[in-house]
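As recorded in TrEMBL, the features of this protein are as follows:
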DOMAIN    41-464  domain 'K+ potassium transporter integral membrane'
REGION    74-95  region 'Disordered'
COMPBIAS  80-89  compositional bias 'Acidic residues'
TRANSMEM  105-123  transmembrane segment
TRANSMEM  143-159  transmembrane segment
TRANSMEM  166-191  transmembrane segment
TRANSMEM  223-242  transmembrane segment
TRANSMEM  254-275  transmembrane segment
TRANSMEM  295-315  transmembrane segment
TRANSMEM  352-370  transmembrane segment
TRANSMEM  376-396  transmembrane segment
TRANSMEM  403-423  transmembrane segment
TRANSMEM  429-448  transmembrane segment
DOMAIN    504-679  domain 'K+ potassium transporter C-terminal'
Amino acid sequence: MRVLLMIRILERDKAGVGNLFPAMSVPESAWHGLFDAESLICYKYIGLVMRVSHHGEGGTFAMMKVILQTLRHTNHEDSTSEEDTDEEMTGIGSNPERGSCQQSVVLFLGVVSCSMLVGDGVITPPNSVLGALNSPCLQVSESWNVFIAVMILLGVFGLQRVGSRIIGWIAGPLMVLWFLTIAAMGIYQIAMNPELAAYMAHGFSPVKLYHFFVLGEFRGFRAYRAIAGVVLCVTGAEALYADMGHFGAGPITTAWFFLVWPCLTLQYFGQAIVLAADPTLINSNPLYSTVPNSLIWPVFILAALAAIIASQALISGVFTLMSQAHALGLVPRILVLHTNPDERGQVYIPEINWLLMIACILVTVAFKTSDALVSAYGIAVTGAFIFTTLLLCFVLHYVWKCCWAVTLLAILPMLMIDLVFWTANLMKVLQAGWVPLVLSGLIYFLMYSHHWGRNRELANHIHEEEEELANLHRHSKAGSRSSCCTVWGLRRHLASRDLARPDGTAFFLTPKEGRVPSSVNVLINELGSVPRTLVLLHVAYSEEPFVAESERLKWSTVDRGLGLHTATLSFGYAEPLTAARFDLDSKLAFLTQDHITRSKTAPAGRIDEEGNLTFGKVRADPHVTYIVNSKRFVAAEDSCLARAQVAIFSLLNRNSQSPVSFFGLQGQSVLEVSAVAEL
């Protein structure tokens, strides 16, 4: 494990070590506290939280999706399907302005919880690696220790591209060996000290918890401070839930009950015995104190490998959360790669991987030792515990339809423990605990700003579409509006306005099927010219891992005479989005030709050898151009807060992945059209 409980609890009271162990109150009760903390994982996460999944995916956002879908159905709101929400990346619900107060609360809880987990995730890999290097075997200077830790972190993040499945083939046997080894070390100490083992077994009794806090020598506030050390043994619980999409709830549950929990219990039992037998070992590493001297080096090597693998668990959990945040419109466009076609939850995000790597290296260089990181560890993730529990309250009452009495009976004990853990850790804020809190706050602020901007943009789109459709129904003049946002509005513009229509085919990329992008209006209003053939192209993502080539393209002709068409190009979630695989030009050149010859609604045309769309015997298109959109946003309200929010949203959008590289359009004829929009 990344953290050794006993040394963390006792190192705060090193001055009083001589008086601690004769009564054996601290090792015994702290051992009981650890057992209770591990039991919390069994009850809360394995028993309840991991029963909440969204198509097999876990994590805070998966729970949030389940709750929001139920609330929208309960409130009888007009909602888009999950597939539409994910594909269009338009945020939560069809119109955020119409969302209920409950939905706003759920969204807030989900985003804050995710932000705290990611913030603490920056601390976990450095702490794991530096903690593993803290052994009697590796006697090097602090600078060399930091250098070795940085090299290990570079290797860990460099391996992420291969995916959880391949890493699991290597890590799985090593972790099984690690847990069996630490269990054997615990059994060895029990066999060597049977009397102490029998006495320490009293720690299983709940009476000892009461004794520790109320009657013991270190009762009251000093006992309360110890909780900040106990919590370190459960900080991986949120990552365990987030990783559910990588491995599945069944394998995680089986591994926990039949391997991890029994082995940890035996190892911590052994550490408690060692510390009770020899109080001076408080100044060393209790893990290695349970190992015979002849096996120190093999255990050290295995511990280092286990620490590296433990870091992998949180990193993959962060990938899952960011992938879900991307689908919910909480972060700008990022490249989400699915590394296993059989498991949708196994993803890799290059941008997040490298940003997380840089942050972890900076933390390693700044803090240098695992002891220095202890004060920064646990604050944010214990806060995430609280928000997960509150979300679980919504699940029990609204999703599982439990009455409030049953809901509160299940939630209040967990919430009380979570609050004790979190408030105990708050005492570390002034030391280094502010680091994960600042990171969490920054992540929340960026997510909120992007979500706010996307919702405002979506609300504007809906208003524009409703107004335009109303004008069409009233048969108002086409020239009454200088722009259009629907296919039917564009059709009227093309038919009624005197526009230059040079030969050519233009594929206008649009984030929503049937939505006219701003680039079309810019060409019409500013240049008075659009190519003879217009195709509104939407790229969609299927719930299936792969899409058959025969079903890849959905083509529709709106008006053959005006050369107006719509197309939807579908990709499965497991299809790698590399430039070669995601090349729109080659896909369209092949698929459009095949589809047009079979479609009754398609024009009598074909794609020639040069990739031009032609109709009949008339060659209409000398070349194909892909037109992508670029927006600059300005604040509609003249206030400092509105300008700041719009500026941040614009900054996030400008730094998202370029559509040229994202859609594999390098080397093609691409025109980027920029427009200004008010928010």
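Cβ atoms are placed via backbone N, Cα and C, with glycine included.
Using the rule of three or more Cβ pairs under 8 Å, pairs at least 6 apart in sequence, the transmembrane segment (143-159) is in contact with the transmembrane segment (295-315). Contacts between the transmembrane segment (295-315) and the transmembrane segment (376-396): absent, as fewer than 3 C-beta pairs lie under 8 angstroms at sequence separation of six or more. The stretch in 105-123, 254-275, 376-396 that contributes the largest number of Cβ pairs under 8 Å to the transmembrane segment (403-423) is 376-396.
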